[in-house]
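Taking it in order: structure first as structure tokens, then the write-up.
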Amino acid sequence: MAKNNTNRHYSLRKLKKGTASVAVALSVIGAGLVVNTNEVSARVFPRGTVENPDKARELLNKYDVENSMLQANNDKLTTENNNLTDQNKNLTTENKNLTDQNKNLTTENKNLTDQNKNLTTENKELKAEENRLTTENKGLTKKLSEAEEEAANKERENKEAIGTLKKTLDETVKDKIAKEQESKETIGTLKKTLDETVKDKIAKEQESKETIGTLKKTLDETVKDKIAKEQESKETIGTLKKILDETVKDKIAREQKSKQDIGALKQELAKKDEGNKVSEASRKGLRRDLDASREAKKQVEKDLANLTAELDKVKEEKQISDASRQGLRRDLDASREAKKQVEKALEEANSKLAALEKLNKELEESKKLTEKEKAELQAKLEAEAKALKEQLAKQAEELAKLRAGKASDSQTPDAKPGNKVVPGKGQAPQAGTKPNQNKAPMKETKRQLPSTGETANPFFTAAALTVMATAGVAAVVKRKEEN
């Protein structure tokens, strides 16, 4: 019975996902599986295909362990995916905060620029006002100097006129005294005329009362003295009286004119003094305004320098912000690329997870099926175990022949899943070939994935892509810290 299983070779690589392990397990314990492209059907082979039940249990335990490992890897990938999603959310939030901060800095820079423009305009206006006040101050100073010079000239002219008048009066008096001795006859007429003239002058000129009274008194005393002393000078006195009258008239007229000129000069001088005081006050006010404007100018220049420094600082911060924004843009692009890779890895992980779930489901179903069949086959295995023990002695004799034919057995074409393997064809059935034929496929599966039978590839798996995405995110965070 055992010789009928010699040519039954099953290919694990051509089985679908999740069916390879079930097929191997069932073939080991005696339940043959014929695999179709869309469904899995179990076919019971003859009793001669039954093997050691301990090995069947070992294989079942092995696939349970592999299923647990795949489930653990699936949980690990899910956790890593959640961590990467949280990191992506944090980076997006931080990028939004930096964008808002950049907008605030831009608005503050615009406000400072407007304030700088306003201060510049105000500084220009203050400079124009300062220039106008300086020009006006120069004009007032020039007018004040001209007024002072004119007042000094008029005062000098008045002094010269008074000195000349005094000198002329002294000369006239001396001349009159010299001629008075000859004018005694005309003293009475001179006195009468002088009285009338003095009265008329007193009536007309209230301002010269004291001077005229003193002159009249002096003249009366002089006349009396002259009359008493010089009786012989009447003719000279008459002439002197006429000359004196003319001189007095001329003097009075000159004095009146001089008084008028002096009054006008005093008024003008008072006006000049008042103008000088006003000009001095204005000049002091202008000086204060000028000092205040200079102080304001200094303050404005200081504020302008501070604003310029702040503007330069804001520009520098803006450049740093622009550089940071560009770095954030690069980081965001890198994070998006990493996100795409993570999403791709997540899709692959989800697909593998679905495949693992499907495989797990198939394994659960196959476990249920094998448990049912195991109960049925257990009795058969116990009955046939005795027969196998009896055949071990015979198989030991044929073991040497089977080792020689092992090479030819390994070159036999693999049986397709949809075709039946007919026992008895090819090599002669021998009972001792079963253990050696099971070792070859097990060596092949060491280089294959346990679920699909495909050749294992350490690169571009879901875990590798997840590691690459994590490294990309770490690089983005490091670049951000450097910026």
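Keep in mind that glycine also has a Cβ here, set from the backbone N, Cα and C atoms.
These figures come from a predicted structure and were not determined experimentally.
Pulled from Swiss-Prot:
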| type | residues | note |
| --- | --- | --- |
| COMPBIAS | 74-87 | compositional bias 'Polar residues' |
| REPEAT | 83-89 | repeat '3-1' |
| COMPBIAS | 88-113 | compositional bias 'Low complexity' |
| REPEAT | 104-110 | repeat '6-1' |
| COMPBIAS | 122-135 | compositional bias 'Basic and acidic residues' |
| COMPBIAS | 143-157 | compositional bias 'Basic and acidic residues' |
| REPEAT | 157-181 | repeat '1-2' |
| COMPBIAS | 268-298 | compositional bias 'Basic and acidic residues' |
| COMPBIAS | 328-345 | compositional bias 'Basic and acidic residues' |
| REGION | 348-411 | region 'Hydrophilic' |
| REPEAT | 379-384 | repeat 'D 1' |
| REPEAT | 385-390 | repeat 'D 2' |
| REPEAT | 393-398 | repeat 'D 3' |
| MOTIF | 449-453 | motif 'LPXTG sorting signal' |
**Asked** So what's the mean pLDDT when you look at the motif 'LPXTG sorting signal' (449-453)?
**Response** 48
**Request:** Pull the DSSP breakdown for the repeat '1-2' (157-181) and write it out as helix, strand, coil residue counts.
**Result:** 24 helix, 0 strand, 1 coil
**Prompt:** Looking only at the repeat '6-1' (104-110), what are its DSSP counts of helix, strand and coil residues?
**Reply:** 7 helix, 0 strand, 0 coil
**Item:** Three-state composition of the compositional bias 'Low complexity' (88-113), taking helix and strand from DSSP
**Value:** 26 helix, 0 strand, 0 coil
